[in-house]
Amino acid sequence: MAAAAAAASLSVSDAAAKLPKPGGQVQRRRDRDRPRVDAAACTRDSRRPTRERCSTTVSLAATATATTATPVRAPVRTRAPMGQRKGADIVVEALERCGVRDVFEYPGGASMEIHQALTRSPVIRNHLLRHEQGEAFAASGYARSSGRPGVCVATSGPGATNLVSALADAHLDSVPLVAITGQAPRRMIGTDAFQETPIVEFTRSITKHNYLILDVDDIPRVINEAFFLASTGRPGPVLVDIPKDIQQQMAVPSWDAPMRLPGYISRLPKPPAANLLDEVIRLVGDAERPVLYVGGGCSASGYELRRFVELTGIPVTTTLMGIGNFPSDDPLSLRMLGMHGTVYANYAVDNADLLLALGVRFDDRVTGKVEAFASRAKIVHVDIDPSELGKNKQPHVSICADVKLALQGMNAMLEEQSAAAARKNLDFSAWRSELEKKKVEFPLGYRTFGEEIPPQYAIQVLDEVTNGEAIVATGVGQHQMWATQHYTYRRPRQWLSSAGLGAMGFGLPAAAGAAVANPGATVVDIDGDGSLLMNIQELAMVRVEDLPVKVMVLNNQHLGMVVQWEDRFYDANRAHTYLGNPAANGGGEVYPDFVTIAGGFGIPAARVTRKGEVRAAVEEMMAAPGPYLLDVVVPHQEHVLPMIPSNGAFKDIIVDGDGRSSY
């Protein structure tokens, strides 16, 4: 074991040369009655692994070279090199050494020592949210919009469990997140102590990795490993659970021990093989109707993707997570595909003879009936995570690699003089012309009814007023889909939304996190009345920090997406989807009154009910300094179209109708 450990340390050191190298041992609890075990951890694909199995499953969950930038180093405070300090102060200095500048938090008894230590940091800015779910979504918005890991701190028990939705969201959307939780003192673990929950057990399947620290000397290494794991390979959330007595214990930190991740690092994919890239170029040359299908795995490859499209002329469609990775107003953009994607994007994939899938999961909201998806096409799948290759759709060519490196390699091949003749054969003009006709035949549009405000129109006006430059966060529901269709996205990390988990309440805290990460940027939360209410308390944080977050609520007084399904598939039978005041009997009362609520938080707000009022109201919102809320009252009968029913195929696509019709 000693020899193996020494070898592991050597294998890790080169890969981690640019990272701080703390040390120590970590112990993890398996269950309440089992003895402590050294260095146990769990990952995306494990439940109760042994130590040996753990190192393997970590690597399968998160592989390849880093897809997010290594965090910029923050200046580290000057300290006496041998000075003893509390474990909590060691945690904070470890965060500083990992480049952390912002922490989103909500304090409690088991995490008090960490919060006290944070007040002593000259480097880290602390952002107090009003709910732990809000703080974790804010950390997610920070990470999604910047590429740097977001950090959140919560107490034990309900504080830790309130993080769970956000951890699951980050896990599904591959967002680099480090969550630090307080825990009951070690002697009380397993005794059902006050606010004790086994958060490590809770989060085994929704984190990339997690730790329970049982030795104060482990803190520097574990924090370092947490950031390395969160931001390399396929990014994801990492949880670090720290008992209160560990936070209080005095120790001299050691910053020079290597990380203990030999299994993970040894399985990081190498650069893509040249022969596989040659095969892809050959398939492109043989194709007549190719399509690029781009996901969130391309968020660090925007330039390379645009260059590849320049060289090949292949049309591009994106997933919900891929929005912004290719400019949506580019002539070769087909915008989003899938359940609520454009007709022409879905038509293109249905008729393609070659599908280049880059950084995607082939999830059900895109594929529908998976056997019918891209059934005429040869499929090339490039992804950083080997577990995704062939999981939902079997490719003809699979490449486990960082998409950025794969695109760089293919671009170099296409640019070589020897490939000039081949490039002349890449003439897809007839295919592009066919798709242009579909764009004209099936544009993204909407109907108007007098002075009622179409929600799509409100988003179009916002797009025009902001010139498509805003960072847009959303909740989940109809407004989310309309925001994909009617706003222009030209760059990666401009679009922030809960895609895989579909968590309502995401928009406002995520927008707050994005505003923290991008000072001076225009940040707008396009939200629904139902989704906003789930984390409306974060208006307090936005106001107190005077963040210039604009909130545009598309308020239809209903749970709109569920109402749409009720209209289409349940004979319009309403089952608890009306969110207004039942006593109003549809008498025009807007409930709750978001304008009054915003005023209670000290945030200026306005409401519009007529189409002719929208532009002036949006202009006023965007011109206002600091936060602002605009309540846009829209009809609940609107449907998000196009729509492919769940488990449907392109032939089942719906392009007309709304709640004013019967089905």
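Each residue, glycine too, has its Cβ placed from N, Cα and C.
Features of the protein shown, as given by Swiss-Prot:
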type	residues	note
REGION	1-56	region 'Disordered'
COMPBIAS	1-26	compositional bias 'Low complexity'
TRANSIT	1-79	transit peptide
COMPBIAS	28-37	compositional bias 'Basic and acidic residues'
COMPBIAS	44-54	compositional bias 'Basic and acidic residues'
BINDING	Glu132	thiamine diphosphate binding site
DISULFID	Cys152-Cys298	disulfide bond
BINDING	Arg234, 340-361, 383-402	FAD binding site
REGION	478-558	region 'Thiamine pyrophosphate binding'
BINDING	Asp529, Asn556	Mg(2+) binding site
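For the binding-site residues Asn351, Asn556, the largest tally of other C-beta atoms within 10 A is found at Asn556. Close to His396 (FAD binding site) in the fold, though at least 6 residues off in sequence, lie Lys378, Ile379, Val380, each with a CB less than 8 Å from its CB.
Under DSSP, His396 (FAD binding site) is assigned to coil, being neither helix nor strand in the three-state scheme. DSSP assignment over the region 'Thiamine pyrophosphate binding' (478-558) gives 34 helix, 16 strand, 31 coil.
In the three-state DSSP scheme, Ala357 (FAD binding site) is classed as strand. Residues within less than 8 Å, Cβ to Cβ, of Ala345 (FAD binding site) and separated from it by at least 6 positions along the same chain comprise Thr317, Leu334, Arg335, Met336, Leu337. Put simply, Cys298 is the one of the recorded positions Glu132, Cys152, Cys298 whose Cα lies nearest to the Cα of Gly390 (FAD binding site). Rounded to a whole value, the Cα-Cα separation of Asn556 (Mg(2+) binding site) and Arg234 (FAD binding site) is 38 Å. Listed recorded positions near Glu132 (thiamine diphosphate binding site): Cys152 (candidates Cys152, Ile384, Asp402; Cα-Cα distance within 10 Å). With a 10 A radius on its CB, Ala357 (FAD binding site) counts 28 other CB atoms from all the protein chains. The highest number of surrounding Cβ atoms within 10 Å, among the recorded positions Cys152, Cys298, Ile384, is found at Cys152.
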